[in-house]
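According to TrEMBL, the domain 'NF-X1-type' annotation covers 187-205, 240-259, 293-312, 346-365, 373-394, 398-417, 425-444, 482-502, 591-624, 634-652, 696-715. Residues or ranges marked as coiled coil in TrEMBL: 744-791.
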Amino acid sequence: LSSLKKFDEIKKANQAAAKKLVEDQLSSSSEDDDEDAEAKQGKILDKTFTIYTSQTDGDASELERTRQYMNEAFQSGAMTCLICIASVKRNQAVWSCCGCFCIFHLVCIQKWAKDSLFLVSSPLTDDDFGKKDYPWPCPKCRFEYKRSETPSRYYCYCGKVENPAVDPWLVPHSCGQICEREFKPSCGHKCLLLCHPGPCPPCPKMVTTTCHCKKAKAVPRRCSAKEWSCRLPCGRTLLCGQHVCENPCHAGDCQPCPRVSKQRCICGRQTSERLCASPQWQCDQVCGKCLPCGNHTCEQVCHAGPCGDCPRSGKRSCPCGKTKFTLPCTEDVPTCGDSCDKVLECGIHKCSQRCHRGPCEICRQEVEKQCRCGKHTKRMPCHKPYLCETKCTKIRDCQKHQCRRKCCSGNCPPCDQVCGRTLGCRNHKCPSGCHRGSCNPCPETVDVKCNCGKTVIKVPCGRERTIKPPKCKQLCSRPPTCHHSTQEKHYCHFGRCPPCRQPCQKTLTCGHLCPAPCHDEALVKQTGIHQSAGPWEQPSEPAFIQTALPCPPCEVPIPVECLGQHEVSPLPCHSANPYSCKRFCGRLLDCQNHTCMKECHHVTKSNSSADGKKAGPECSQCEEECTKPRPAGCPHRCVLPCHPGDCPSCLQMLKIKCHCKLSVLYIECLKLTCADVKEKELLISCRNQCPKELPCGHRCKEICHSGSCPLNCSQKVKLRCLCKRLKKEMQCSKIQEGQVSLECDALCKEMKRKAYEIKEAEAKAALEEEKRRQQAELEAFENRLKGRRKNKRRKDEVEVEQSSWQKYKNFIMLPVFGVAVVMV
């Protein structure tokens, strides 16, 4: 069981590793560094911007910001989740902030929102929890979202498609449909790009609109730039009512009037030069006008309108407010003599003094006071606060540190220490106050530069160690390290420059230039440097050294003729020597019938032989027999070896059988081959009678001949009638052709009739004999049934007396059959 469990664990680990490998290959941070990926990215961007650029006549200047976001979506490692500081891959669920358009993993932003809501609502009591909808902020721009806006599903950028499929020919996390989000600020039109990250570009639609001041004629303009100025003076009346706006045509309200004029204050006593835009101002003088009572003056500072009634007129209350008096304004209100009874600052006790002017004294009563934390009590004046020396041991809202405040009431203040935890970037510490949950992402950005430093990309802090450097479009400026004056053009890079691929162009010993790629810095594998001490030592990786290799052999094609002058082939310059083409020599030998069968070889030319196709002394000698065709019918070979010209006549004797195949004849080959058909017929005949049988069975009467025998047989044969009694001699050929026949006469017919009668008499006698035998058997059977005695009786043998026919039939029939046979 334990081994099976281990096997299952290893199996699951391997499956997880394979799944991760597949996801990495599908991720947006996979290998997109080759030129094919850039071409593919360009096609996707062009497809996304097609509808927009068709509205702007190909002008894409307003798409730079959107293009930057889309390039980051394609670029390896540019899309980074600020919460987990990890790359955002193609096949992962994401969420995009509508304020800063930053992209986060869906799982990370859900956890962030949950933790933020928990931290905000944790100080609340149970009664207050859930009554207020607290927002949660974006980790980057702090844009606030409601609790109901917490993302729960994965949508594309435009929000139309849930769980968009991974398509290598679309922008990552895009649905491929038209965006159709409303432009901001809203103009009534919708975005024309395909579903894209980042903000929507300005509206490209054409609208007819007039300037801000409405003086100029309406002209067609882009909807995103429909607000325009005619640059003429505005001319609208300013708020001062005296001057008009002299600024060029502008949007919104006119600015305050910039001119200076003499303006009176509100009370009209003083005059001062002030901005025309602010004519209302107050001086520092007290009004001083006589009130209606005639005894007092107005104490208000510069004001407009009437001063009002005297504040001491009418009913007035005593200082404690219990008694009211109606007195002239020139007299003060007296005290009533009753107790004051105003609530003191302690909020518990009342003033015990008699009605008095001015504030009440502090509370001096001694009370049993409880400290703020509620652990101690003490008698002391009411106006003095009581704080004990006990330090609070509760954990603050950071859930790390104790309160440690003296006599704490239980509502501990927030932790005042600095968090100081290392952020996800591993470079900085959290500067916020001590808090619960995850720290905010590091707000810093780091510049990642190419080797030359001209191309820079900004990445979140912490990603500079894992992100690939940007691809620089500047040419590498390093000096060449080979014998060439200039190196091959290539882009800026890290590490060593790629091997030089320019042609070597060094002059070889043959005079040609070396066409091979530059080999001044070739990597050569070193072997045999380190020998292992034993089989237990792991073999080390082979070492490579950089060294200059000699130029390869010259490969310039040189036309060279083979030894036998059969062909001219281009051979490399370093091996341009006479060669054998491996064909047969093919030169005509002295026999004039055969050619030299040696492999292509050198042939010495002689002055006497003008023809270059004739054999030379190096060619082979013909040792074949004569193979010229013989006359028709001659089976012999030429007695001479292979020779030029015609063969001599054949004088050999042929041993041949005659036409009938019985005799052997000896004939001269020349006579037989030169004879015509009739002469050949006579030469092959043995002059004897043909031994063949004719179809009738007789021997052919002709002399030995070829072909089939004639069918007209002249042999005499005997012809008989049907009963074989009559006979006659006739020619065999006539009988075979059916021309003659022999019929039976009357005597033959009489003999046939008598033989028929004898057969019928024999059949009748046999029938009677059978009936007699059956009757005798029947009688014997009946006699056996009649005996009923217990003892055995002898059965009487029934003797059947033979008839006379049965006794003498053999003596009669034999002579009759004998006569019949003789007649036939």
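Using N, Cα and C of the backbone, Cβ positions are placed for all residues, glycine too.
These numbers come from a predicted model, not from an experiment.
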For this session: With a Cβ cut-off under 8 Å, give me the same-chain residues at least six positions beyond the ends of the domain 'NF-X1-type' (293-312) that come close to it.
Result: 265-267, 269, 282-287, 329-330
For this session: State the residues, same chain only, that lie 6 or more residues beyond the ends of the domain 'NF-X1-type' (425-444) and have a CB under 8 A from a CB inside it; answer 'none' if no residue qualifies.
Result: 82-83, 85, 111-112, 115-116, 118-119, 122, 139-140, 396-401, 414-419, 460-463
Exercise. Taking a Cβ cut-off under 8 Å, which residues six or more beyond the ends of the domain 'NF-X1-type' (346-365) line up next to it in the same chain?
Worked result: 318-320, 322, 335-340, 381-383
Problem set entry | Composition by DSSP (helix, strand, coil) of residues within the domain 'NF-X1-type' (398-417) | 0 helix, 2 strand, 18 coil
Seminar exercise, completed: With the cut-off at Cβ under 8 Å and a gap of six or more residues from its ends, the chain residues touching the domain 'NF-X1-type' (696-715) are 658-660, 662-663, 681, 684-690, 731-733, 736
